[in-house]
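Engineer: I grabbed these lines from TrEMBL:
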ACT_SITE  Lys35  active site, proton acceptor
ACT_SITE  Tyr256  active site, proton acceptor
BINDING   Arg130, Met304  substrate binding site
DOMAIN    235-364  domain 'Alanine racemase C-terminal'
MOD_RES   Lys35  N6-(pyridoxal phosphate)lysine
Amino acid sequence: MTRPIHATVHTQALHHNLQRCREAAQDSRVWAVVKANAYGHGIERAFDGLRAADGFALLEIAEAERIRALGWRGPILLLEGVFEPRELEACSRLGLWLAVHSDAQIDWLATHKTHTGLRVFLKVNSGMNRLGFAPARVGAAYARLAALPQVDEVSFMTHFSDADGPKGVAEQVARFAHATQDLPGERSLANSAALLRLAGDAAVRGDWVRAGISLYGSSPDFPEHSAADWDLQPTMTLASRLIGVQEIAAGESVGYGSRFVAERPMRVGVVACGYADGYPRHALTDTPVLVQGVRSRTLGRVSMDMLSVDLTPVPQAGVGSEVVLWGRAANGAVLSIDEVAHHAGTLGYELMCAVAPRVPMRVA
Ligand SMILES: *Cc1c(COP(=O)(O)O)cnc(C)c1O
């Protein structure tokens, strides 16, 4: 038997989640955000499930090239624009749309040699204070872009800092609206959290929404809402098997640092999955797992190649039994990546992006 850990990307679930985003977006068009190699799923593996999107949004030319190689002829948006002027050549060749967030990027465009104009999304800094033009500078940036023969059409985008929390987006929406008032062009504001929570408001929906994490079956505002609350399905399963079982007595400990001590005699399963596979080392005892589709918990510290689980709720489990670290078990039971992330003090985003290259990933 080869090492039993593997990951599975679920095409149907991607499609389902995209439809959920579409419903929330109403008449607005939906970018499928596939940066970071489709949030760790692999662009090629995720493409079939997401091909009903109106466009793909990402960061790198190489990723855009891969989407074109899959036969996609629709819009592709570079969310941060180009990182150096010579990338503009590839933008023209591949027909990419690009964010423009700085004066330097406008300078580069002004010296770019092209016959066909590029579509740009002028990025407004409405309060996140990461990328974009301050509201007072938007008019001047727009005028410069609109006057360039290299630019075909100017649209506007901004990004929310607090769409998932109590602060909300009202202030940023107002600043964005004010900065772009009277300027013609399409608008894009919402990420997943804004889309699912606030897209009843047409000013939040805009013309294009940018859905990322929700496509991948993770709730953008866990634990306030779970993925199930939003009717999102897991798109990635990380599964392995038991490769050992220990029967331990009360008072015995499990793993490095003896961080778990048994209070009573118990069976402990050893799973072929560790932090070198991308499982979070910060997940301590009590992180949920599914053993043969039954919910149980981890015990003690995660090591590089193994972790231990409590077999008390699954007495029939033994060497070879299925263990799902997140995703869907063979019996249909679901363990959301968000729950595992929460136990490790992180987000579903980070876990799905961090599955290690040594874990074979297939599509189902
Ligand atoms: C990553 C990203 C998104 C998607 O955000 P999610 O929270 O994953 O939906 C949207 N817009 C921009 C600019 C991004 O960088």
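Cβ from N, Cα, C; glycine included.
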Engineer: Between Met304 (substrate binding site) and Lys35 (active site, proton acceptor), find the distance joining the two CA atoms and give it rounded to the nearest Å.
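Structural biologist: The Cα atom of Met304 (substrate binding site) is 27 Å away from the Cα atom of Lys35 (active site, proton acceptor).
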Engineer: Which numbers of helix, strand and coil residues does DSSP report for the domain 'Alanine racemase C-terminal' (235-364)?
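Structural biologist: For the domain 'Alanine racemase C-terminal' (235-364), the helix, strand and coil counts are 19 helix, 49 strand, 62 coil.
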Engineer: For the domain 'Alanine racemase C-terminal' (235-364), would you mind checking the mean pLDDT of the predicted model?
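Structural biologist: Averaged over the domain 'Alanine racemase C-terminal' (235-364), per-residue pLDDT gives 98.
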Engineer: Mind telling me which of the recorded positions Lys35, Arg130 has the densest Cβ neighbourhood, counting other Cβ atoms within 10 Å?
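Structural biologist: When each Cβ's neighbours within 10 Å are tallied, Lys35 tops the list.
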Engineer: In angstrom units, rounded to an integer, how far apart are the Cα atoms of Tyr256 (active site, proton acceptor) and Lys35 (active site, proton acceptor)?
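Structural biologist: Taking the Cα atoms only, Tyr256 (active site, proton acceptor) lies 36 Å from Lys35 (active site, proton acceptor).
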Engineer: Using a 10 Å radius around its CB, how many other CB atoms surround Tyr256 (active site, proton acceptor)?
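Structural biologist: Here the count is 11.
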Engineer: When you measure from the Cβ of Met304 (substrate binding site), how many other Cβ atoms are you left with inside 10 Å?
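Structural biologist: Total other Cβ atoms inside 10 Å, all chains included: 12.
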